[in-house]
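Asks: The structure follows.
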Amino acid sequence: MSRRGVTVWFTGLSGAGKTTLSCGVAQQLRAWGLPVEVLDGDLVRQHLTKGLGFSKVDREENIRRIGFVAEMLTRHGVIVLVSAISPYRAARQEVRRYIGSFIEVFVDAPLEVCERRDVKGLYRKARAGLIQHFTGIDDPYEPPEQPEVVCKTAEQSIPECIDLVIQSLKSRGYV
C-alpha cells in the first residue's frame, strides 16, 4: 500500500515564523522516517522562480509554480511543507484545488511583531521606500478564511505550534 502524500502550506507575513515552523515539523517527521520535502519561499525564488518580481501577477505565478512542484511530490506520497508568504487568498485557493490533499497553516503574527523580528532588515527598507510591493507595508496580505491550523506565534511557543501541525496531520491520517 502506498503512503498518502499531503501539502502543508504555511502562509503569513514575512517574519511570522513560517520557515521556523516548517523546518521544525520537517525535523520531527524525518525523525519518524517519513518522506518530507520543504519548499521554502526564499529558496524557491532563488531557483525555481528566479526572474519573477513582486507584482500581483508575478506573485500569483510564483505560487502556481510552487503548487505544481508540491502537487507532484504529494502525488508520490511525500509530505510537502511549503513556507511562502502567498499573500493572495485566491492564489492559495487555486493551489488547494489543484493539489487536493492540502492543509493550510496560517502563521499569524501582528505586523509590529514581524517588524521586530526582521533579521533581514526588509521591513526597514520597505518603510524607507527602498523595497516596493512589500507585503504588509504597501502590498496587502489576505488572511485565510478557514485555515485548518492557526499558529499565533506571538502568543504560542514554536514547539506548541509544531505540535498543532503534527496533530492536524495525525487527525487526517497522514502520519
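Even glycines carry a Cβ here, placed using N, Cα and C.
Pasting the relevant annotations from Swiss-Prot:
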- SER86: active site, phosphoserine intermediate (ACT_SITE)
- GLY12, LEU13, SER14, GLY15, ALA16, GLY17, LYS18, THR19: ATP binding site (BINDING)
Asks: Which whole-number value in Å describes the distance between the Cα atoms of GLY12 (ATP binding site) and the residue listed as 'active site, phosphoserine intermediate'?
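Replies: On Cα coordinates alone, these residues lie 7 Å apart.
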Asks: For LEU13 (ATP binding site), just count the other CB atoms lying within 10 A of its CB, please.
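Replies: A 10 Å sphere around the Cβ of LEU13 (ATP binding site) contains 25 other Cβ atoms.
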Asks: Using a Cβ cut-off under 8 Å and a sequence separation of 6 or more, which residues in the same chain sit near THR19 (ATP binding site)?
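Replies: Within the chain, THR19 (ATP binding site) has Cβ neighbours under 8 Å at ASP40, ASP42, SER83.
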Asks: In the same chain, which residues outside the set GLY12, LEU13, SER14, GLY15, ALA16, GLY17, LYS18, THR19 have their CB within 8 A of the centroid of the CB atoms that define the ATP site?
Replies: PHE10, SER83, ILE85, VAL107, ALA109, CYS114, THR153
Asks: What three-state secondary structure does DSSP assign to THR19 (ATP binding site)?
Replies: helix
Asks: To see if you understand the setup: which same-chain residues, six or more apart in sequence, place their Cβ under 8 Å from that of ALA16 (ATP binding site)?
Replies: VAL107, ASP108, ALA109, VAL113, CYS114, THR153
Asks: Which ones in the same chain are close to GLY17 (ATP binding site), with CB under 8 Å and 6+ residues apart in sequence?
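Replies: GLY17 (ATP binding site) has long-range Cβ partners VAL107, ALA109, CYS151, THR153, ILE158, CYS161.
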Asks: Quick check on the binding-site residues GLY12, GLY15: which one has the highest count of other Cβ atoms within 10 Å of its Cβ?
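Replies: That would be GLY12, with the highest Cβ count within 10 Å.
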Asks: Give the distance between the Cα atoms of SER86 (active site, phosphoserine intermediate) and GLY15 (ATP binding site), rounded to the nearest whole Å.
Replies: 13
